[in-house]
Amino acid sequence: MAITGIVATMPYIALQLVGIKAVIEAMGIGGEWPLLVAFLVLAAFTYSSGLRAPALIAFVKDTLIFVVVFVAVIYIPYKLGGFGHVFSAANAHFVAAGKGGITLANAQYLGYSTLAAGSALALFLYPHSMTGVLAAKNRDTVKKTMTFLPAYSLMLGGLALLGYMAIAAKVSPVLVNGKADGNTIVPALFHAMFPSWFAGIAFAAIVIGALVPAAIMSIAAANTFTRDIYRPYFRPNATAHEEARVGKLVSLLVKAGALAAVLFLNVQYALDFQLIGGVVIIQILPAVVFGLYTGWFHRWALLAGWAIGMGASLWMLWLIPKPLLPNSHFGGSLFALSHFGLNTKAAVWVGIIGVLINIAVALILTPIFSRLPRGVDETNEADYHAELGDPGVHALPVQELGEPLL
């Protein structure tokens, strides 16, 4: 399961690398240099300072992003003639392209709903989803931070509108090696619509906004390796400094894996990196959730379900072509139901199909494996419920500078 989390994080980090690369390309630097620069900046950012670096600049990152998005959703529509013009221009563009418009067609409801539900289920399975909680000063810090999460959801809605604004503004993506790179459309929009000084601020917001989560993701993946693989199976007596040293090396390897994903998957739309990662990580959902609430499932049945669900998911992702390239692979994460012989244009998010196969296998094999050893449950009630004041629950001392924080 730890390996699944590490592998699923790599496409997510790749998404951040593509974002940094897009900004550098929008500044006029082409070729493979933008990707190399993005990788080196991210590696240097985390290797020397660990979690402390993203923690210190997270406030700057949030402030920049909120300011840029707030200005963008007011200033750009104002220059374009209002949101009415933005939506009508986007709708006309999609109708002319034969894609129906800006609202979902009947055949798209199933794909959209399964994608939304599956992404929500997968969200807190990633290793980095708990990094902020575990690194927080105390539970009050977590509570205060959680109150701002709805604001992030609103901000993401504003970001989604930038694509419509780019269509209304007739902005074209940056040409890279003679081909339009669709991932550069937002930097190109900022460059076209904002004064040069504020476009620079917007570019900085994108880069810093990609660096911070990518750093936390790589650190979380490294911690997952050191705590769940390296120490239990290779070095049970490893010191904290040894774990930090190994974690730094693994963090670099995870970034290298993300770089390989960008180079070899060659996904047209950067968002597909995150969606593919979601397909992978959601396959641990049955083992995690069922393991928390019931002891009925056999451990080997859950493992078999994970393996078969993962294999089926990767096979379906392989079958999905890129737009206009029928013989290509990994072109998205929505699997057409016509592959199952159904006469419909509807599609389903691959992760949902994979996890249903996963659960079905676990249900079928649990009675069959019932004669095999089930293993020993080493947890107790205190592992599931802990309140301040309980025996053994106490505040940890704040680390001093120079101590390992990876």
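If you go along the chain as it appears here, the first residue is 1 and each next one adds 1.
Including glycine, each Cβ sits where the backbone N, Cα and C put it.
In TrEMBL, the transmembrane segment annotation falls on 109-126 of the listed ranges 1-18, 109-126.
Non-local neighbours of the transmembrane segment (147-167) in the same chain are 65-66, 69-70, 72-73, 76-77, 80, 86-87, 89-90, 93, 102, 185-186, 188-189, 193; each lies 6+ residues outside the stretch with a CB under 8 Å from one of its CB atoms. Looking at which of 246-267, 273-293, 300-320, 346-365 has the most CB pairs under 8 Å to the transmembrane segment (33-51), the answer is the stretch 246-267. Residues 5, 8-9, 12, 217, 220, 275, 277-278, 281-282, 284-285, 288, 333-334, 337, 346-349, 351-352, 355 of the same chain lie 6 or more positions beyond the ends of the transmembrane segment (109-126) yet place their CB under 8 Å from a CB of it. A Cβ distance under 8 Å defines the sequence-distant neighbours of the transmembrane segment (273-293), meaning residues of its chain 6+ beyond its ends; these are 1, 4-5, 7-12, 14-15, 18, 115, 118-119, 121-122, 125-126, 261-262, 265, 267, 302-303, 305-306, 309-310, 313, 317, 330, 332-333, 349-352, 354-355, 358-359, 362, 384.
Outside the transmembrane segment (246-267), and at least 6 residues removed from its termini, the chain residues within Cβ reach (under 8 Å) are 6-7, 9-14, 16-18, 21, 35, 39, 42-43, 46-47, 50, 214, 217-219, 221-223, 225-226, 230, 238, 273, 276, 322, 330-331, 406.
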